[in-house]
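What TrEMBL annotates here:
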type    : residues                  : note
BINDING : Glu5, Asp25, Ile27, Asp28 : Mg(2+) binding site
Amino acid sequence: SFIGEESVAAGQGSILTDNPTWIIDPIDGTTNFVHRFPFVAVSIGFVVNKKIEFGIVYSCIEDKMYTARKGKGAFCNDQKLQVSGQQDITKSLLVTELGSNRDPEAIKIILSNMERLLSIPIHG
């Protein structure tokens with residue numbers, strides 16, 4: 001099976017089943033792409049029994065290939081990645097994305113989540 005982000009965004013429904021399924025977003029960061037903001041990628045995932053098996057993200061502008069496979073770790077251009085080990089949230093950098101849904105109820109939820117995040121004494 002195939003699920004494409006662009007067709008879902010256009011209003012076509014999709015149902016994730018237990019079938020082996022490719023999930024593809026050919027322009028991940030569409031808004032960035034439209035505004036020529038250089039954070040755009042091609043994202044591909046492969047799911048079996050509704051569980052991710054592997055994923056690939058190609059950051060086109062940076063020419064970086066991120067790959068990850070269940071139980072095998074994550075890599076950037078064949079170099080192994082690992083988490084920082086930082087356990088103190090006050091020394092952490094928080095990155096978030098607001099999404100594109102401007103429905104009033106969605107905005108309330110997003111702002112409520114942001115308020116909770118901003119009340120944490122994070123580094124930045």
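Keep in mind that glycine also has a Cβ here, set from the backbone N, Cα and C atoms.
The shown structure was predicted, so the numbers you read here are calculated from the model rather than taken from an experiment.
Long-range Cβ neighbours of Asp28 (Mg(2+) binding site) (same chain, at least 6 residues apart, Cβ-Cβ under 8 Å): Glu5, Val40, Ala41, Val42, Ser43, Val57. In the structure shown, across all protein chains, Asp25 is the one of the binding-site residues Glu5, Asp25 with the greatest number of other Cβ atoms within 10 Å. Counted within 10 Å of its Cβ, the other Cβ atoms near Ile27 (Mg(2+) binding site) come to 16, all protein chains included.
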